[in-house]
Amino acid sequence: MGLQACLLGLFALILSGKCSYSPEPDQRRTLPPGWVSLGRADPEEELSLTFALRQQNLERLSELVQAVSDPNSPQYGKYLTLENVADLVRPSPLTLHTVQKWLLAAGAQKCHSVITQDFLTCWLSIRQAELLLPGAEFHHYVGGPTETHVVRSPRPYQLPQALAPHVDFVGGLHRFPPTSSLRQRPEPQVTGTVGLHLGVTPSVIRKRYNLTSQDVGSGTSNNSQACAQFLEQYFHDSDLAQFMRLFGGNFAHQASVTRVVGQQGRGRAGIEASLDVQYLMSAGANISTWVYSSPGRHEGQEPFLQWLMLLSNESALPHVHTVSYGDEEDSLSSAYIQRVNTELMKAAARGLTLLFASGDSGAGCWSVSGRHQFRPTFPASSPYVTTVGGTSFQEPFLITNEIVDYISGGGFSNVFPRPSYQEEAVAKFLSSSPHLPPSSYFNASGRAYPDVAALSDGYWVVSNRVPIPWVSGTSASTPVFGGLLSLINEHRILSGRPPLGFLNPRLYQQHGAGLFDVTHGCHASCLDEEVEGQGFCSGPGWDPVTGWGTPNFPALLKTLLNP
C-alpha cells in the first residue's frame, strides 16, 4: 500500500506542478537558423519521448574502460559483452518500478526499453505529454536543407521532484536535428597539369597513405565497419556502384552495403551520406559495411539519441563506427552531455572504436559576457571517442606533405577535464607552442581534441549519379581514418587478437607512432583584434588542430598489430 500511495502522490505531483524540478535548465531552446514554427500541435496527436533512466556503477564502468583499453593492463582487449555492461549499469529496481508506474499512471502506451534497461521510449498523445511534463508546450517546426518536420517544445519541462534520483532527462523536447557543415570549395587555380591530381579520390588517398593494392579486407573474417547519419540524408546503391566503377578499379572492394539499420528514404541522395559510405568502403576496402540511416524518423525523436539506443540494444556490432555529427557544447544541457558521454563510455567498454569528426569551424567562436571565447563541439570533446581533424595538401594538386586545413575543428572542452591518457602530450603542447592564443579564449585544463587527422579537402563524391568535385570537411577525413583502422582490425582478427577498441590510451602511449606529423598551419577562430581569426597552430608532436597527425598505413599497422 505504501508504494501505491507513493505513486498516487507522484501522479498528484504531475497534475499540481508543485514540488517539481527542471532536469535541463541549461538546454538551449532558441530556434536554430532556418527553422520556423508551424504552430501548436494537435492535443490528440501522438509523439514518442525517450526517458533516460539513472544508471548505476559508472565509476566501475570507467575503471573497466581504462583496463580493457590500456596496453599495459592485464585486462587489455578483454572487452565486456553488452550483457556484462547491462549487469553493471542497469537502473536499480526502485528506479525501474517508480518510472514505469509513473508513466503508466499518465497513460503512456507502447513503452519500449533496451537490453541495458536504461532508456524507455514511450508513445503518448500531446495532451498526455504536456500533463506529464508540466511547462512543455509542443509545436510543429520545419527546417533544414531537406525541410524536415519535427515536434518540439520551446518551453522548459518539469518533472516531479520524487523522480530526481531516477531520471537523467527526457529526449524529444528541445534538441533539433543537426545540419551538415560539409561544403564544396572553389577549384584551386593551377597552370600546367603534368603529374597532377585533380582532386582527392581513393587512389590519391591510397598513394598518400602508402596503401598497396593488397591492403584490402580478406572477405573471410567477421570484421565489419559502420557509418552513422543523422541528417535526413540517404545514400543510393547506384551512386556507390558508380563511384566504385569510376574510382575503385585498382583495389578489391565491395560495391554494396551489407546492412542498413533504419529507414532509407526514397528521395534524392545527400552528399554527406554519399561521402561517408563511399570513402569508408574505399579506405576500408572489401570489408563488410553497415549504414545507420537517420534512425529516429518520427517527428518527436532525436536521431543521435536513437543511434545510441541502438548500440545498447544489439549484442553483435561492427568494430569501427564513424560519425560526422556534432553540436556546440554550450548548446546542450549538462544532463544530456554527461549522459551521452556515459553511452560513449559503454561503447568503449565493449571494444567499439568510435570516430567522430572534429567539426568544420576551426576553434569556433562565441561571446561570453561580452568577451570572445573559442567554442568546443561535442561529441568531438568526449574523452571516450577518437576525434578526427582535417588536412590539405601543401601543394593543392600534388600528392605532397599535408598542412592544416583551416576549417579543422579542435580545442579544449569546457565540460570534460583532461583525461590522464593525454596529460603528457597536452602539457607539452601548452608549454612549447610559440603561437598560443590568450588563455582567456580556452580552458587549458579541458579534454583536448582532435586525436588524429586525415585529408579533408577537395574530395570527389558521386551523388544522384553525378560526380561532384571539391567536397570538403572533416566528414571526409573521419570515414577515411575509420576505414584504415578497419584494415588493421582485419590483421588483428586474422591473427587471433581482439579488435583495437577504444584507441586513445594506446595512441597517446605510442606518441603518434605510425602517423605523419603535421607541423604547418593554423585553424580559424574569432575575427577580432586580439586573435585576428587565428586559433591554434600545429607543431611537432600532438596539437589541437591535427592531433598526432595523419596515417602512414604500413607504419600504423606495424604499431597497432601487437599485442
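Cβ coordinates come from backbone N, Cα and C, glycine included.
These features come from TrEMBL:
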type	residues	note
SIGNAL	1-21	signal peptide
DOMAIN	199-563	domain 'Peptidase S53'
ACT_SITE	GLU272	active site, charge relay system
ACT_SITE	ASP276	active site, charge relay system
ACT_SITE	SER475	active site, charge relay system
BINDING	ASP517, VAL518, GLY541, ASP543	Ca(2+) binding site
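Annotated pair GLY541 (Ca(2+) binding site) and GLU272 (active site, charge relay system), C-alpha to C-alpha distance, rounded: 31 Å. For SER475 (active site, charge relay system), none of the binding-site residues have C-alpha atoms inside a 10 Å radius of its own C-alpha, out of ASP517, VAL518, ASP543. Calculated from their C-alpha atoms, the gap between ASP517 (Ca(2+) binding site) and GLU272 (active site, charge relay system) amounts to 27 Å. Shown are the recorded positions GLU272, ASP276, ASP517; the one with the most C-beta atoms within 10 angstroms of its own C-beta is ASP276. Other Cβ atoms within 10 Å of the Cβ of GLY541 (Ca(2+) binding site), summed over all protein chains shown, number 17. Sitting within 8 Å of the Cβ centre of ASP517, VAL518, GLY541, ASP543, and not among those site residues for Ca(2+), are the Cβ atoms of GLY512, THR519, SER538, GLY539, PRO540, TRP542, THR546, GLY547, TRP548, GLY549. SER475 (active site, charge relay system) is surrounded by 33 other CB atoms, counting those within 10 A of its CB over all protein chains shown. A separation of roughly 24 Å, to the nearest angstrom, links the Cα atoms of ASP276 (active site, charge relay system) and VAL518 (Ca(2+) binding site).
Mean model confidence of the domain 'Peptidase S53' (199-563) amounts to 94 (pLDDT, 0 to 100 scale). Cβ environment of VAL518 (Ca(2+) binding site): THR391, GLU402, ILE403, VAL404, ALA453, SER538, ASP543, VAL545, THR546, GLY549, THR550 lie under 8 Å away, each six or more residues apart in the same chain.
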